[in-house]
């Protein structure tokens, strides 16, 4: 085994890759710290993600099917859409936790934030080159890398398109089995489509749990493709249908906010303070103004409100 490792790093690139492939076939090292707990993910989604039946079902099924396939024909590409505070970042951290046993602390989970990594609209070509090198380098180090792109509504259009070859059903690229990677895109673009259907359903007396993903996915895809503020604006990733699933996150009701507050209280050892959870729910702003159905900020301000009422 030591001899094979020596050959990997001491032979020319092409030959070295062939030997590395042989090594990976007889060793689990190339799986990084990959220790998936699918049941744990399903339970955490059910227990700690509030008011998001579609996200619970889609993410559980998509991740389970992907991880159970030892030879997937393409990466898993999930795109989360909904208003702020509805659970998008929470779910991405859950996926990391139940694949690598840690949320964002694993060296195989990579998060990109446009305002930090891609802040200037006039440097798209440089960002494309950088992103390509970052992704390919991390895929070579770990085929099961997870890439999370937050705030896609702030991503300069054109940057993300450099990933198109990485997301499709190609055979082998970049000296690794790139098809084992997971990509997660997080965006508020598309929330108008989600919120409109949620409001119409509520006004029609329809249970929110009856809303189906197929009622929203095409509308979300159109919204992100045609929105000039979207990182997916006129992107071939959309037209080539390289997103595995669009995942809608519904706006939250007061009862969901109070459950978020209760969870926050329990994390602080104050589970018995139901009065605080109720006060937090009452202190939030709700829309529309004449009906007060949905929390304007979801659960995003819950920790601050809990501080206020404790």
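Cβ from N, Cα, C; glycine included.
Taken from TrEMBL, the feature signal peptide applies to 1-16.
If you look up TrEMBL, you'll see 82, 83, 84, 85, 86, 87, 88, 89 marked as ATP binding site. Other C-beta atoms found within 10 angstroms of the C-beta of residue 88 (ATP binding site) number 25, with every protein chain shown included.
What TrEMBL records for 255-307 is domain 'Torsin-1A C-terminal'. For the domain 'Torsin-1A C-terminal' (255-307), the model gives a mean pLDDT of 96.
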**Request:** Out of 82, 87, give me whichever of these binding-site residues has the highest number of other Cβ atoms within 10 Å.
**Result:** 82
**Complete:** So residue 83 (ATP binding site), by the Cβ count within 10 Å over all chains shown, scores 24
**Asked** For residue 89 (ATP binding site), what residues in its own chain, 6 or more apart in sequence, show a Cβ-Cβ distance under 8 Å?
**Response** 150, 186
**Request:** Note the Cβ centroid of 82, 83, 84, 85, 86, 87, 88, 89, the recorded ATP site, then list each other residue of that chain whose Cβ lies within 8 Å of it, in sequence.
**Result:** 80, 188, 249, 298, 299, 300
